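Engineer: Feature table excerpt (Swiss-Prot):
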type: DOMAIN; residues: 3-166; note: domain 'EngA-type G 1'
type: BINDING; residues: 9-16, 56-60, 118-121; note: GTP 1 binding site
type: REGION; residues: 166-190; note: region 'Disordered'
type: COMPBIAS; residues: 168-181; note: compositional bias 'Acidic residues'
type: DOMAIN; residues: 197-370; note: domain 'EngA-type G 2'
type: BINDING; residues: 203-210, 250-254, 315-318; note: GTP 2 binding site
type: REGION; residues: 453-492; note: region 'Disordered'
type: COMPBIAS; residues: 461-470; note: compositional bias 'Basic and acidic residues'
type: COMPBIAS; residues: 471-492; note: compositional bias 'Basic residues'
Amino acid sequence: MVPVIALVGRPNVGKSTLFNRLTRSRDAIVGDLSGLTRDRQYGEAKWQGRTYIVIDTGGISGDEEGIDAKMAEQSLQAIEEADAVLFLVDARAGMTASDQMIGEHLRRRNKRSFLVVNKVDNLDVDLARAEFSPMGLGEPLAIAGAHGRGITQMLEAVLGIFPKDAGEPEEGAEAEEEVQEGQEAKRIPGPSEKDGIKLAIIGRPNVGKSTLVNRMLGEERVIVYDQAGTTRDSIYIPFERDDEKYTLIDTAGVRRRGKIFEAVEKFSVVKTLQAIQDSNVVVFVMDAREGVVDHDLNLLGFVLESGRALVIALNKWDGMDQGQKDYVKTELERRLFFVDFADIHFISALHGTGVGHLYKSVQAAFHSAVTRWPTSRLTQILEDAVSDHAPPLVNGRRIKLRYAHLGGANPPLIVIHGNQVDAVPRAYTRYLENTFRRVLKLVGTPIRIEYKGGENPYEGNKNKLTDRQVNKKRRLMSHHKKAEKKRKDKRK
């Protein structure tokens, strides 16, 4: 399970600054979702190959009223959601009554907490830490969030308490074994495939995720899974269809079949982000009657940035007239252009219409995401693409793209080597992405392209001459000087 870390503290102690610094490696932030995360912002971050989720909260001062009280309530809720808490204090302001109140709350909750003394730049670090040591939350960690000082030591301490998931492959691990030249493209099973394709059902509240989950598992099955753990835990349900194994990651909560139609699903951003990270393929459920809303776009953006294979399901399609259907299709084409690689299905989870067709798209998306190709195949596609549409000129020189190889899978990462690659326009990268997708027949998975510049192996090396060459050089220089002197004498 991906660790969840909450940032809490008084207002203006640097929580948002630290949040932005931690999540900058992956610009995939789900935040300010109306009515859901109004006062909490969620982001994904990576450090030394480990993924974790960060929650940024509003400040707590202890005397809140009105909207400030709501912000404090959201902060306390974030503490309950998190696996660990970074409690930020301001070294310049010193310890306050609000700091002591928050520290007391953390001690009572018995939550794994780390006291982080921020803004220690230009201060005596030892004195700053000593002032907050009596709070009883362990040895304070000193950082300067705005300048990045102390962040590495802080992350070592925090992430060190979480065991690495032995079943979670490192990014790009699927592509470590090189496909030999002349071999066909092949798929190497990942560690998760023994339990089948991990399938996450994601979507806004009340779009029909519960109904779809039960439909996929079989109408006669009453879901009574009630696993021990915190309220963040998703439910993992193995099942088979047509001799294919799947593991369904259910984020919609524990429910009984007789109640799912009346129940209002509780939406948890943490559950959603963790399910996306742990899945192989995401089935994104939307309400056809409501069309595409901003919340859908936010969640789809996170799926795209996570690199997971994607299938889109428009639910409640059967209750619409033809005019409404035509309008929704137009909106899908207009607003979902950034995930145009994903198959879209129009279904009714309640009546089962179209649900069976989802599996074919799930299988196709998964296989596209993990298939690997030899360098010769990718380089040939690159050469054909460059031949059809050459890269632009930069300062009068043509960008040269020499060869391509696979750098990772799920999602496919294609590494292209060449010269002046820093100047490749985004439009040309998009052209290459579409070309690789079309030729390799990739469906349902994002594709990423990374450039690497050519390196001159002789750069910085001096040309070493032999003794004979050195003597010859001296003779030539001496001869040149004598000839130059004779020319000057003649002019006189």
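Including glycine, each Cβ sits where the backbone N, Cα and C put it.
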Engineer: Helix, strand or coil: which one is THR57 (GTP 1 binding site) in, per DSSP?
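Structural biologist: Looking at the DSSP assignment, THR57 (GTP 1 binding site) belongs to a strand.
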Engineer: Would you mind giving the whole-number mean pLDDT across the domain 'EngA-type G 2' (197-370)?
Structural biologist: 79
Engineer: Using DSSP, what is the helix/strand/coil residue split across the compositional bias 'Basic residues' (471-492)?
Structural biologist: 21 helix, 0 strand, 1 coil
Engineer: Provide, as an integer number of angstrom, the distance between the C-alpha atoms of ASN206 (GTP 2 binding site) and THR57 (GTP 1 binding site).
Structural biologist: 26
Engineer: Measuring Cα to Cα, how far is GLY203 (GTP 2 binding site) from THR57 (GTP 1 binding site) in Å?
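Structural biologist: Spelling it out, the Cα of GLY203 (GTP 2 binding site) and the Cα of THR57 (GTP 1 binding site) are 23 Å apart.
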Engineer: Cα of GLY9 (GTP 1 binding site) to Cα of TRP317 (GTP 2 binding site): how many Å, rounded?
Structural biologist: 46
Engineer: Let me know how many other Cβ atoms fall within 10 Å of the Cβ of ASN206 (GTP 2 binding site).
Structural biologist: 14
Engineer: Find the one among the binding-site residues ASN12, LYS15, THR57 whose C-alpha lies closest to that of LYS209 (GTP 2 binding site).
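Structural biologist: For LYS209 (GTP 2 binding site), the closest Cα among ASN12, LYS15, THR57 is found at THR57.
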Engineer: TRP317 (GTP 2 binding site) to LYS15 (GTP 1 binding site): how many Å between their Cα atoms?
Structural biologist: 43
Engineer: How many neighbouring Cβ atoms, not counting its own, are there within 10 Å of the Cβ of LYS209 (GTP 2 binding site)?
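Structural biologist: Its Cβ has 26 other Cβ atoms within 10 Å.
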